[in-house]
Every structure is written in C-alpha cells, then in structure tokens.
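For 95, 206, 214, 216, the entry in Swiss-Prot reads Ca(2+) 1 binding site. Summarising the annotation, Swiss-Prot assigns Ca(2+) 2 binding site to 177, 228, 229, 231, 301 and lists sequence analysis as the type of evidence. Annotation source Swiss-Prot lists disulfide bond at 82-135, 165-249, 191-244, 196-207, citing sequence analysis. Annotation source Swiss-Prot lists N-linked glycosylation site at 69, 238. Swiss-Prot lists 1-50 with the feature signal peptide.
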C-alpha cells in the first residue's frame, strides 16, 4: 500500500517538474520572438517614411483645431507642375535641349524629373479659349503687351477663379444678371457681343429688339469676353454664334492651384479691383523683362515660394472647368 502511495507522489512530482520546464521553455521562446520583433522595428523605423500620429501634437489651445501630420519634408515629390509660356520663348532660346536643362534646374529645388511639364501657347487670346490646366499646380507666364492688356486681365480673371456656367439660348430668351458675381462669358475664334436692355414691360431701352444694328456693342471680334451689365435688367443678346459660344456664369471663388506671372510691363495687372473678386487677393506677380532665360531662372529660383501661395488640387482641369462646376 505504501509502495503505491510513494509511486503516485513520485509521479506527481515528476509531472510538476516537467510542467515547470515546459513553461520556462515557452517563456524563453516568447521572449526571443518579442525581442527579435522589437529589434526588427528599431532597425526598420529609420527607413519608413510614414506618418507619425501624435508626434509634436500640441496639448494646449482649442481641441477643434486641425493639425496636419506630415513626416515627409518634401511636399512636392508627388505633385505635378505645369509651366505655360509664349512660343516666342523657344524661338529666342533656340536650344533643342533647353527643356532638359530646365528640368535639371527644377530638380535642385526638389521637383523630380518628370514632374514638371513645359507647355507653349501661341498668344494670350488663343490660350484663353482652351487653357488646359491639367497639373496639380499651374503657373502661366504672360508677356506684357500694352495692346492686349485687357485680354490679359480677362484671361487672369478667368483662370484664377472658378465659374459655374450654363448654356444660354439667346434666340428664345431674355437674360439678366441678378448679382455682381454673375457674368456672361463668351469664347471662340471671333466674338462680337451686343445687348439691348429692356424695361419691366420688356420694351426696349434705346434700341430695337428686331434690329441688332441698334444694339449696344460690348465686344468686337474678341476670343474671350467677360460681359458685366447692369444688374436686375433684362437684356436681348446678340452674339456671332457661328464662331463663338456664350454662357451664363457665376463666379464661385478663387481657383487656388493657378498663378499668373506677368513678364515685363511698368506695373502689374490688378484684378482685385473687381468687386466680384473675393477674397481680395490674387496670385499674380511680375518679373522684369530681360531675356527668356533670365525669366525661367527666376521662376525656378522662386518656384517653391510661389507654390506656397497656392493650394494643390487632386483633379485635373480643362476648358470644361469654365462651363461646369468643379
């Protein structure tokens, strides 16, 4: 009887020692796995370019304030930049590899090769019909010309702002502008716009609705026309529809991914005087006219400062942007 009890006790002790050994072995294995994982994290962390949530987050002030977590000091590595310039720049530079040179110069400012696109245009009037603002950031170089000053001003107003536009059937309907932010935009190869104001009884004021030669002419053979008339008055409109389209538009606000640089001129064009421009700020600046290489050097040198005045857009813009809300 005592032999059976001794055997049972011995078996229990052996199982207890074996269980203790197994638990210690599992603990050592878990410690090894944990320390190996921590070592891997320590080694890999310097090479990971991820967001550090909670790092440098202020603990004072309003909790409603939005804070941006960015661990990458180069915000332009994933952005595209379009630089629009008059075709005469290529003629003056006369170097087949000048774009490659400019690309390398942009690289010194943090813009990778392939992220900057150089696009030429024939003249301001033609460019205004279809600007094609496709990049995240768009900078337009406009050489000052006293004869096209009004065209430059209208183009700047067009591309620096967003417009909500609808087609107009001027053959059937009268139209009026109910506020300062609502204007009519005409685009085409040749736009001649005429208007005939009407009173509350739809009777003409100083013109004959059946005779377009008596209409007041507000634009003659232009490619871009932004027409502003007296608010609250109906108008009969006449436009050369074969070469021009007209739309009823409302200025929504600034298009913040576009900037205009005026090249030359004694003063910079100012579109903020327009009461429809709100807020009263503009992304327009001037570079003294010298040579086109000097102009491009200046743009490259200050490109990042210029971009800081703009906001990146995640979608491309083209001519349809002026016709539909974006």
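For all residues, glycine too, the Cβ spot is worked out from N, Cα and C.
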*residue 229 (Ca(2+) 2 binding site), number of other Cβ atoms within 10 Å*: 18
_Which same-chain residues, if any, lie at least 6 apart from residue 228 (Ca(2+) 2 binding site) yet have Cβ under 8 Å of it_ = 177, 180, 183
*Relative to the Cβ position of residue 244 (disulfide bond), how many further Cβ atoms are located within 10 Å?*
21
*Out of 207, 231, 244, which of these recorded positions is nearest residue 214 (Ca(2+) 1 binding site) by C-alpha distance?*
207
*Among 238, 244, 301, these being the recorded positions, pick the one whose CA is nearest to that of residue 95 (Ca(2+) 1 binding site).*
301
*Check the Cα-Cα distances from residue 135 (disulfide bond) to the recorded positions 165, 229, 238, 249, 301 and tell me which is shortest.*
301
*Using DSSP and three states only, what is residue 207 (disulfide bond)?*
coil
*Nearest recorded site to residue 82 (disulfide bond) by CA-CA distance, among recorded positions 165, 191, 216, 244, 301*: 301
*Can you tell which of the binding-site residues 206, 216, 229 lies nearest to residue 191 (disulfide bond) in space, using Cα positions?*
216
*State the count of C-beta atoms found within 10 angstroms of the C-beta of residue 177 (Ca(2+) 2 binding site), not counting that atom itself.*
20
*What is the nearest of the recorded positions 165, 196, 206, 216, 244 to residue 301 (Ca(2+) 2 binding site), using the Cα of each?*
165
*Cα distance, residue 207 (disulfide bond) to residue 238 (N-linked glycosylation site), nearest Å?*
12
